[in-house]
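Asks: Structure below; questions to follow.
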Amino acid sequence: MTAREAQAAPATSPVPRPAVLGDYETAARGRLDGRVWDFVQGGAESERTVGDNRRAFSRVTLRPRVLVDVSHCDTGTELLGARLRTPLGIAPTAYHQLVHPEGEVATARGAGAAGALFVVSIYASHTLEDIAAAAAAPLWLQLYWLRRRDLLAELVGRAAAVGYRAIVLTVDAPRLGRRHRDARNGFAIGPGIRAANLDPAVMTAAHLPGTGRSALADHAAEAVDPSVTWSDLAWLRERSDLPLVLKGILTAQDAALAVRHGADAIVVSNHGGRQLDRTPATLDALAEVVDAVGGAVPVLLDGGVRGGTDAFAALALGARAVLLGRPALWGLAADGAAGVAGVLDLATEELAHTMALAGRPDLGSLDRSAVLLRAERR
Ligand SMILES: Cc1cc2nc3c(=O)[nH]c(=O)nc-3n(C[C@H](O)[C@H](O)[C@H](O)COP(=O)(O)O)c2cc1C
Ligand SMILES: CCCCC(=O)C(=O)O
């Protein structure tokens, strides 16, 4: 083999390692059925918010400091009492078996290899117990507030029993967003895949292209209780000692209410643009929420994070950690557990690289002075 051939196809690494997260996206697209791809990539209505999440990151300008010792850059952090190797984690996304047969079990292995947090969706396609058995890093369980409170109580009990470290209540989905791609596709979850932790009796029948309906939206309408308010949080609190995280907060008002009602952390999120279209980009909402919280609890962000420099910007603006939704699914679709670990490792390496060149060798040295948003540029 010539040196050039060896470079093109190293014998030890048959799957070429992507250079950027977008390469995982390309690989995933080539592997997934068009309707599954639309479900993963799509958003609500005009999908303006999906794009705005990305555009907000492209407006960030970095303000590097120089002559700082960056021979070692530490991406480690602490979150709700757990040490993490990286502030990048995996956002909850439904039905991982749609993109890979090993589903959430592979995702848990990948997150464990990267030392990253994995937030497991209530719509996981494996049981909480099987996912926990595969995990080597902290797991949190995400819930929607089900009409069947008996099921909610059972889920929080099972999660605590197998070591999940927090409950994440998603508060931006009293009903599912109007996702035109899924409605046009008559999207439904394929045979053999199910929400393994939910009672099959609450699931709707399959839908077909041409019905103009999404089976997921119909199912959510049946299963999720849209009447829940702040005062109901106490009910959940009484049933679990685990920290309670609220996901889907975009305003100072709701951030203040979350703290007042005892939330242990907040995720600034617009659900990746899949719920209410035309909400602010999460990066644009972050500072308002961080200011309202005033350090009382950690604030996380998700939506449009596509690499370490995006994470750097969010961390500088006050996020304690940053979650990846679609990119984790791209990694899983492309290469199972190795792909999930690859996505997290790549983004973490990019973060460490940006920290070095920006003269911020650890996350504690990152603050708002490290970034300018374009609107503020002088
Ligand atoms: C395919 C898919 C399924 C999702 N399922 C859930 C879910 O079950 N629960 C939830 O709270 N959020 C869910 N989300 C939203 C993510 O948790 C997260 O907010 C969003 O994906 C972040 O944006 P990003 O994909 O641009 O990183 C889902 C997102 C996607 C793309
Ligand atoms: C009924 C499944 C909802 C999953 C979800 O939250 C999403 O697709 O964004």
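Backbone N, Cα and C define each Cβ position, glycine as well.
Found this in TrEMBL, in case it helps:
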- H271: active site, proton acceptor (ACT_SITE)
- 92-94, S121, Q142, T170, K247, S269, 302-306, 325-326: FMN binding site (BINDING)
- Y144, R179, H271, R274: glyoxylate binding site (BINDING)
- 13-376: domain 'FMN hydroxy acid dehydrogenase' (DOMAIN)
Asks: At the level of the C-alpha atoms, what whole-angstrom distance separates D302 (FMN binding site) and Y144 (glyoxylate binding site)?
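Replies: Distance (Cα to Cα, whole Å): 17 Å.
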Asks: To the nearest whole angstrom, what is the C-alpha distance linking Y144 (glyoxylate binding site) and R306 (FMN binding site)?
Replies: 26
Asks: To the nearest whole angstrom, what is the C-alpha distance linking R326 (FMN binding site) and H271 (active site, proton acceptor)?
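Replies: Taking the Cα atoms only, R326 (FMN binding site) lies 11 Å from H271 (active site, proton acceptor).
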Asks: Please find which two of Y144, R179, H271, R274 have the most distant C-alpha atoms, given that the record lists them as binding glyoxylate, and give only that distance in angstrom, rounded to a whole number.
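Replies: Comparing all Cα pairs, the maximum is 18 Å.
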Asks: Got a sec? Which of these binding-site residues, R179, R326, has the most Cβ atoms within 10 Å?
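Replies: Within the set of binding-site residues, the most crowded position is R179.
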Asks: Kindly point out which of the binding-site residues Y144, R179, G304, R306 have a C-beta less than 6 Å from some atom of ligand 1.
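Replies: Within range of ligand 1: G304.
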Asks: What's the CA-CA gap between G304 (FMN binding site) and H271 (active site, proton acceptor) in angstrom, rounded?
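Replies: With the alpha carbons as reference points, the distance is 10 Å.
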Asks: What is the number of other Cβ atoms found within 10 Å of the Cβ of P92 (FMN binding site)?
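Replies: Other Cβ atoms found within 10 Å: 24.
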Asks: Could you tell me which of the binding-site residues A94, Q142, Y144, G304, R306 have their C-beta within a distance under 6 angstroms of some atom of ligand 2?
Replies: A94
Asks: Taking just the CA atoms, what is the gap between R306 (FMN binding site) and H271 (active site, proton acceptor) in Å?
Replies: 15
Asks: When you measure from the Cβ of R274 (glyoxylate binding site), which residues in the chain that are at least 6 apart have a Cβ under 8 Å away?
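Replies: When sequence neighbours closer than 6 are ignored, R274 (glyoxylate binding site) has G42, G43, A44, V50, G177, R179 within Cβ distance under 8 Å.
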Asks: Indicate whether the residue listed as 'active site, proton acceptor' is helix, strand or coil by DSSP.
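Replies: Reduced to three states, the DSSP call for the residue listed as 'active site, proton acceptor' is helix.
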